[in-house]
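Just below is one structure, and these are the notes that go with it.
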Amino acid sequence: MSTPVSAEQQAREQDLVERVLRSFDATADPRLKQVMQALTRHLHAFLREVRLTEAEWETGIGFLTDAGHVTNERRQEFILLSDVLGASMQTIAMNNEAHGDATEATVFGPFFVEGSPRIESGGDIAGGAAGEPCWVEGTVTDTDGNPVPDARIEVWEADDDGFYDVQYDDDRTAARAHLLSGPDGGYAFWAITPTPYPIPHDGPVGRMLAATGRSPMRASHLHFMVTAPGRRTLVTHIFVEGDELLDRDSVFGVKDSLVKSFERQPAGAPTPGGREIDGPWSRVRFDIVLAPA
């Protein structure tokens, strides 16, 4: 139980808060001023609520320093931190209000890479990545049901070992690509049936999860980013119906509307385009509805 704080001490602490707030009074950008003063108020409120010790302050500074050291062109520890604290999903929720039947957005994640290879409709994004084949198909429409042709559909995912291509030490490009929707808004491609995997947990964010008894596991998912002129950019996933991690995804990214049925197909079942597959495979339909910009 914390020791009561005297009125005199509270006044000294509040005086400091007011002085820091006034230091931003001359900020020319009104939005920057609003953000910095709000950040100051909430940060000091947190410090005073928990009565942070100097040792804990040093630990926090060390944590942020470690997050900076581990961040590079292949790994973004600060995005992971934002994700596991729910800040990413909260920001997405605030900036992507529901618009009719538009597909819901979810977290971007730290593993998107610009310049993915293009495939034609019916192509394969796997690029040699290990995993059970999965046929993905659907349409891209607007909220009035009209097809959206030539929408750019970026897709990426982890392989069967739970790693994205950028987590390997070589320069491979695998399990990521982009394609365009057809004149009728249709699209289709081969991918890998998603499986659960842990977010990188060998750094400071992983240590925080371990210290708080939280799992680093993500529910099975496939990433999408869909762009088209005059439409709101959509960043989303589809999740696998029946996955036991749906209710405890480590980054709070699951939304009911994004949980889809991945229908298992036995070995020897006819495949779209006549592709030869030795073992079982799956198929899923994901119809995408884009909100206006």
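Glycine too: its Cβ is placed from the backbone N, Cα and C atoms.
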Listed in Swiss-Prot for the Fe cation site shared with Tyr164, His221, His223, one of Tyr187, Tyr197: Tyr197
Other C-beta atoms within 10 angstroms of the C-beta of Tyr197 (Fe cation binding site) total 20
Relative to the mean position of the Cβ atoms of Tyr164, Tyr197, His221, His223, the recorded Fe cation site, which additional same-chain residues have Cβ within 8 Å? Gly109, Phe111, Trp156, Glu157, Ala158, Pro194, Arg218, Leu222, His237
Taking the Cβ of His221 (Fe cation binding site) as centre, how many other Cβ atoms lie within 10 Å? 29
